[in-house]
């Protein structure tokens, strides 16, 4: 019908616009800062390793039992930093390495990868009886895609691997018969890679793997074929694990470079022996750390229902609520049917739930959610891989259509809150400080800078673009220190007269600016970066409606006046 064709064209145009917004906003760049992990689990580490910049190495990469594989950081941020380093060495550009390229290049790669999600939706929609273009608009218009999937999180990679896994297990020929299941090697590779990226991937992979196993058993091929598929999967999984373990062992232990010389002269068995002795399996270290409740409590404990009641709604809004209500309806129907079958047929034959929509898709959504709810540390970003089954479920049977205005407003607000406001002054502030500290100076009297960050998220040092051997910039992260500690450190810096050409800057949100005024030091320059919303020190509502509201939603860079 003409109307249908028009709607499809409209949906295509809308998706193209939203896709352009995703890429454009990444390049702008997006100022919001979601969580320290977006820097400290990939770009920050690689900036230190590849570009030799001053960085802060997080504990997961330092301890004797590292918890994060280095393979994905190397393949993502590592590759982009290697490219900009090579461009600079080839004199393609004089200053390829600056705070903008350090921030945007890894993000741009992740943004390009995020279209794997769109491809998966397009491929999967017909299979799960959903309209592909409507599903794509719902996906591309979600603030989760615009904000979370353009950031360097391990959760983003987890979502992309989950999407690939769903595509691999849902391969069917148009005729309705199960396609030749040639994907078992790929399924093995993706599952293992996902497990090494984040061991929680097993929670996401469980339903797709069970579904795939069901398809094979149902395909009524011989037992030989079934065993053949499982063997292929296991072999490829083992091979992938060996690749990850070898890479991590070389990276995290001195087997790597120190022993290469001695290895040259030793037999293969000796080499294998050495590797085996120092073998590093990061997911096991991750699990042994995270299964200890005491360790999890250090990162924050949440009630077990947080994912269901808070995080799901915070990320997906009405779609999460619709899925829950559909889930309850299906359960009710299923139980009724079970009772009927038991009473009337004295058996459980023919127990098929013919209910509206696809119960399997709901399981793809709720099973991982239930597994992640077993852990006491529950952050919203842990759920971002679930956007795929949720979008497919919401589009099948046109569930989401009547809520489209609610969905639009929800996603605009989410994008503004997390993409612009949330800790939104910190990255522009680092850009500003990078330019300031790299400004030309007289060689006979070099300047020394002290940058004191208080009540902000951890500042990624890499964005300041300080060479490893440089000692003229000192970064002090005061985190959420109290007034007393803050004033002590600021006072020490103000009264340090041994340092001649010293510039001390205090970076602090407007909501706690008053604390600094009590320290009895004076400032000569102040820069206000707007907007910046700190959830840890939220603005007081009365102030927001006063003439002072900009400072409440801003981040201050205050320069100490050391002459006074």
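Even glycines carry a Cβ here, placed using N, Cα and C.
Please treat TrEMBL annotations as automatic predictions, because they have not gone through curation.
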Annotated stretch (transmembrane segment, per TrEMBL) among the listed ranges 195-217, 264-286, 333-355: 195-217
Per TrEMBL, the range holding transmembrane segment, considering 229-252, 373-396, 445-468: 229-252
Candidate ranges 78-99, 100-121, 122-143, 474-495 [criterion: TrEMBL lists as transmembrane segment]: 100-121
Which range of 408-433, 512-537 is transmembrane segment, per TrEMBL: 408-433
Beyond the flanks of the transmembrane segment (408-433) by at least 6 residues, Cβ under 8 Å: 25, 29-34, 99-100, 103, 141-144, 146-148, 317-318, 449, 451, 456-457, 459-460, 463-464, 505, 507, 509, 527, 529-535, 553-555, 557
Same-chain residue ranges lying at least 6 outside the signal peptide (1-26) that approach it to Cβ under 8 Å: 104, 107-108, 111, 114-115, 118, 131, 133-134, 136-137, 140-141, 145-146, 149-150, 419
